[in-house]
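Undergrad: One structure follows; several queries about it will come next.
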Amino acid sequence: MEWKQKIFNQLQERNRQERDVYAEIVKHYNRLTENYSTILVRCTDQERDILTLRQENTDLQKNSVSVAGLPVNDKIKTLENDYMKAKDEILTLLRERGDMTKEVISLSRLVKERDEKLYSEQNRNQILTKENVSLRQRLESAEDQLSALKKVNETIHDEFQALQLAYTQLEERQKELDATIAVLRQRMTEKIEKKCNALDEEVKLHEKRMEEDVKRKLEEAKSDFMTSTLSNLMTSTTASITHLRNANQDGKSNGSVFKKNLDDCGDNELHAIQFHPSGSLIATGGSDRKIHIWELNAHNNQVQQVYVLTGNNSTVTAIDFDNENANLILGCSEDFACRVWGLGDQRLRHTLTGHGAKVFCAKFVTATLIASGSQDRTLKLWDLQNRQCVRTLFAGSKCHDLVAHDASGSLISGHFDKKIRFWDARNDSTKCELQLQAAVTSLSINREKQLLLACSRDDTLKLIELRENRVIQTFSHDDFKVASDTIKAVLSPDCAYACAGGNDGSVFIWNTTNGKIEKVLNKEHSHDDFKVASDTIKAVLSPDCAYACAGGNDGSVFIWNTTNGKIEKVLNKEHSSIVNAVAWHPEGRFIASCEKQRRAILWGE
């Protein structure tokens, strides 16, 4: 309360100063008022005396007519003198009265000015009082903030000391880790050197085997007196699919199995194999950066390589044929590009560059329009007539697979972010998004563009009705596991079945009508030698959905009967390494299989 007492003392001091200034003026004013009242009383008395004297003078004048003598005149003169004196005094008093009136007016003006000054000072005092109160409030707030900042500063100081102690401990631990890393780096270097030496030995052994293989082929060529070409060497006996159905578990059949070795289809691993829509050509692609084209003669069961398409700068990841005119072939690669060749002149027609990462999938939408999906989280539509990218669709997640919904450019894409996106052909935005529970690994659409099969990492397949974009069936099984983003699921041509390969080496077939598992081609129904050793192994259905086919770990090709779930045929170990891709002829007459070690085989009747 000291500040209140201080303000009260200040107000008293200011009141004393202001009052002393006006005290003298008020004193003079009061004195003038009293004088004015006294003079006014005296003037009134004088006027009354004058009236009395005038009355007496009148009476005397009347009496002077009848009474003569000097004494009366002297008395009149005396009265006249008194009257003149009284008149002079009245004039003097009136003059004094006027002066006093002027002085009162002047003092009144001065009092008014003082009053105005006092009013302004009072207003100013009120403003200063308010400012003083506001400043005191701000001072109190600042003191509170200062107190809080002091507490925060103390806390920060304590934390700084704790962090400094932790930093010291981390420095010591970092020194220990550096020493450990140095030891581990030395051990790793020693292990890498050992592995490099072992790989060198394997390379030498592989080269030796290659030399022996070349020598063996040369000897075979000499024994045939150079009368046949490499394609004639690949001819062997055939067996029909009926014979395959009557074969036993050991791979023996009533007739011989026809096989063609596509030996010179690459220098390294094979990743893609695809039949031409007519069934007369087979295309293979892999890490040798080439696409090999083979011609299949169904009448005499002969196959031979007709040409090799070059131009890729990295591994070929997918192949597709033009389904309209059937005269173009599309290949996408890990060099961030897609390329189109003509099948007639084997000439590279188009090189489509623009993606910023590996291109995982590419499909013909029409004969002049191509869609591609990449790891750079974009989809692109390419116009082959103008040789340019006409649309870039920003999906926000890497694209694992895509299909064309119609010829106008409407696309359906599956992505790592668990979404299936339906793209509008008229703009660059999605018209619909379907959220799944896990990343989408593959998409398969039927020929009528009414049903879509999606495989996702939550170990389920979902059948989607495209008119309403809703899931109408979900396929799952306790043993079905999706272990890789490259696992593919396909619809049969009549949409009666959905098929996918599992993590444990099983092939799962669902009925799309009731959503139930139709067959599980696993250890109970499959062959004991069938093993899935890679995430890129693919299983396919025959066009009539009567058979399922997949390649094994030991180089064999396994064929199951989808009706009874039993092994139908084992095409034993013609491959020398893992079979990572198979394809079925459009008419169902042949099976093409490829392995990593530069070899593809055509099986059929």
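Keep in mind that glycine also has a Cβ here, set from the backbone N, Cα and C atoms.
Dumping what TrEMBL says about this protein:
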- 43-96: coiled coil (COILED)
- 125-209: coiled coil (COILED)
- 7-178: domain 'Autophagy-related protein 16' (DOMAIN)
- 268-304: repeat 'WD' (REPEAT)
- 309-351: repeat 'WD' (REPEAT)
- 352-392: repeat 'WD' (REPEAT)
- 572-605: repeat 'WD' (REPEAT)
Undergrad: Just give the helix, strand and coil counts over the repeat 'WD' (309-351), going by DSSP.
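TA: Taking the repeat 'WD' (309-351) as a whole: 0 helix, 23 strand, 20 coil.
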Undergrad: Summarise the model's confidence over the domain 'Autophagy-related protein 16' (7-178) as a mean pLDDT value.
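TA: The answer is 82, the mean pLDDT of the model over that range.
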Undergrad: For the repeat 'WD' (268-304), jot down how many residues DSSP puts in helix, in strand and in coil.
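TA: Going by DSSP assignments, the repeat 'WD' (268-304) contains 0 helix, 22 strand, 15 coil.
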